[in-house]
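Let me begin by presenting the structure, written as structure tokens, before commenting on it.
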Amino acid sequence: MPAMPPLPANDQLLDYVTSCALPTPWAQFTLHAFVEHSTGKEHLAMVLGDVKDGEPVLARVHSECLTGDVLFSQRCDCGAQLEGALQRIAEEGRGVLLYLRQEGRGIGLLNKIRAYRLQEAGADTVEANLQLGFHADARNYELCQPMLAHFGVRSLRLMTNNPRKIAALTRLGIDVADRVPLLVNRNAFNNSYLDTKQAKLGHMMTPATVAEPGAT
Ligand SMILES: [Zn+2]
């Protein structure tokens, strides 16, 4: 099958700034920094290996979750998904992780903490966002297009359990050649959160979709 040509980048949305080496416990990635024009937010990409050859690239589009990614929160599964994705990319020696600064499914850190507070009073994660006047999921993936185009990436093997993310990327003209399920880290604190993501946001988390570590 002929390799897909790279998409032209939509440079209206963000600028490429710079890059550096980023050693991690799993591999030495290259960290690339972008800045979004409309918000001034800094978005990041971690890249490993040669991703410009036109073949589908193992990829994760990860939205920032400060509590889960940095503070070890067990209220969600973000930290485990981030770690699992970087580990899988390192195992293959090739891949891209986009780190988008859209905290709390797009509502921001303070509102996420407000939503957690509402959840402690009985709301689920979707109801809490709605009570605060937000959509259930306010994330926007349009930045993925210029970021991936910058690296010459057109086609993904996307690590996700979220069919809405696949649909959003496809609408942007990004080819999702395959979905690679991510292991879900269930615990006593995130059990009902994960059930809500499955029931109300369509996430695919049945055991049948869970990959064995190292499977392709
Ligand atoms: Zn999270």
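Here the Cβ of each residue, glycine as well, is placed from N, Cα and C on the backbone.
Per TrEMBL, these features apply:
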- 18-181: domain 'GTP cyclohydrolase II' (DOMAIN)
- Arg60, Val61, His62, Ser63, Glu64, Gln81, Glu103, Gly104, Arg105, Thr125, Thr160, Lys165: GTP binding site (BINDING)
- Cys65, Cys76, Cys78: Zn(2+) binding site (BINDING)
- Asp137: active site, proton acceptor (ACT_SITE)
- Arg139: active site, nucleophile (ACT_SITE)
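Features recorded in TrEMBL, as mapped to the structure shown.
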residue: Arg60; record: GTP binding site; Cβ contacts under 8 Å, 6 or more apart: Gln81, Leu82, Ala85, Leu86, Ile89, Gly95, Val96, Leu97, Leu98, Leu158, Met159, Thr160, Leu182
residue: His62; record: GTP binding site; Cβ contacts under 8 Å, 6 or more apart: Asp69, Cys78, Gln81, Leu82, Ala85, Leu97, Leu98, Tyr99, Leu100
residue: Cys65; record: Zn(2+) binding site; Cβ contacts under 8 Å, 6 or more apart: Ser73, Cys76, Cys78, Gly79, Glu103, Gly104
residue: Arg105; record: GTP binding site; Cβ contacts under 8 Å, 6 or more apart: Ser63, Lys112, Asn129, Ala136, Asp137, Ala138, Arg139
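In this structure, Cys78 is the one among the binding-site residues Cys76, Cys78 with the smallest number of other Cβ atoms inside 10 Å of its Cβ. For the Zn(2+) site, the Cβ centre of Cys65, Cys76, Cys78 serves as reference, and the other residues of the chain with Cβ at most 8 Å from it are Thr67, Gly68, Asp69, Ser73, Arg75, Asp77, Gly79, Gln81.
By the rule that a residue counts when its Cβ sits under 6 Å from some atom of ligand 1, the recorded positions His62, Glu64, Cys65, Cys78, Arg139, Thr160 yield Cys65, Cys78. Here GTP is bound by Arg60, Val61, His62, Ser63, Glu64, Gln81, Glu103, Gly104, Arg105, Thr125, Thr160, Lys165 per the record. The longest Cα to Cα distance in that group is 23 Å.
Averaged across the domain 'GTP cyclohydrolase II' (18-181), pLDDT for the predicted model comes to 94. Sequence-distant neighbours of Glu64 (GTP binding site): residues of the same chain at least 6 apart with a C-beta under 8 Å from its C-beta are Tyr99, Leu100, Arg101, Gln102, Glu103.
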